[in-house]
Amino acid sequence: MIDAHTHLDVRSFEDLEKMALSGIETIITCAHDPYKMSTPEVYLDHWDRLINLEVKRGEMAGVEVKVAVGVHPMGYPKNWEVLIKKLPEFLDNENVVAIGETGLHYLTEDEKNLLREQLYLAKDYNMPIIIHTPEKNKKEALIEILKILDEVKIKDSLVMIDHINKETVDLIDRDVYVGLTVQPSMKLTHEEAAEIIKNYNKKFILSSDLGSLKADIYALPRTKLYMKNIGVDEEKIIASVYKNAKGFYRL
C-alpha cells in the first residue's frame with residue numbers, strides 16, 4: 001500500500017513504524033503550513049526538512065518516504081513569487097516526486113494566481129501536482145480549479161485533485177487522479193470512501209492526510225479490509241491503495 005498524502009513532519013517516529021507494520025510500503029509527505037509561513041525562508045527550510053529528515057526517518061522506520069514540495073493555499077508569504085523561482089531547484093532531488101500540496105482554500109485571487117503558477121511549473125517540468133480542495137465551499141473551489149486547469153492546459157495524467165467527496169465526485173469531468181482522504185473527523189470515513197470507489201470508475205487514490213489534527217494511521221488498511229468485506233472488485237481495491245498512486249508518482 002502507498003499512503004499518498006501525509007504530513008510526516010508533525011507525526012511521531014512511532015507512527016511511521018506502525019504504518020510500516022500495517023503494510024504501508026511508501027508514504028508521500030507533502031509540504032503544508034505547520035507555521036504561519038510568513039516568509040519564503042520558512043518555506044525553504046520546511047522543504048529542506050521534508051527532503052533531508054523525513055526521508056531518513058522513513059528509512060529508520062522501515063518504510064520508503066517520498067516528498068512533494070509546493071506552496072499551500074492555507075499559509076504562504078506575500079512575496080510568494082520568490083518561492084516559485086526557487087521551487088525548480090528542489091524538483092531535481094531524487095526523493096521529490098510531486099509539486100504540492102497546492103490548491104484553493106479561501107478562493108482569493110492571490111490563491112488562484114499561486115495555484116496557476118505552480119501548475120505551469122508542473123506542466124513545464126512534467127511533474128505530478130497535488131491539488132487541495134477545502135472542507136467548506138468545496139464545489140465552488142473545484143469549479144474554479146477545473147477552470148484553471150483548462151487555462152493552463154496541463155496533462156490530466158499529471159494532476160491529482162484531492163479531498164474529493166460524494167458531493168463533488170460527479171463534477172470531475174476529466175481523466176485526472178481523484179484523491180479520497182480517509183479522515184473521519186474532517187473528510188471521509190472509510191465506509192464513505194469505499195462506497196465512492198465501489199460506485200464510480202475513476203482513478204482513485206486513497207490517503208490518510210496524517211497531520212497535526214485527528215487522523216487515522218490505519219486509514220488505508222482499514223479501508224482496504226472494508227472494501228474486501230463489502231465486495232468491491234479486487235482490481236479497484238488494488239488500484240486505490242497502490243497501483244494508481246504508484247503510477248501517478250512514478251514510483
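Cβ from N, Cα, C; glycine included.
A C-beta separation below 8 Å, combined with a sequence spacing of at least six in one chain, links H7 (divalent metal cation 1 binding site) to T29, C30, H32, P34, D209, L210, G211, S212. Sequence annotations record features per position, and here Swiss-Prot assigns divalent metal cation 1 binding site to H5, H7, E101, D209 based on similarity to another entry.
Residues annotated as divalent metal cation 2 binding site in Swiss-Prot, with similarity to another entry given as evidence: E101, H132, H163. Cβ-based neighbour count (10 Å, all protein chains) for H132 (divalent metal cation 2 binding site) stands at 26. According to its DSSP assignment, H132 (divalent metal cation 2 binding site) is in a strand.
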- Query: When the number of other CB atoms within 10 A of each residue's CB is tallied over all shown chains, which of the binding-site residues H5, H163 has the maximum?
  - Reply: H5
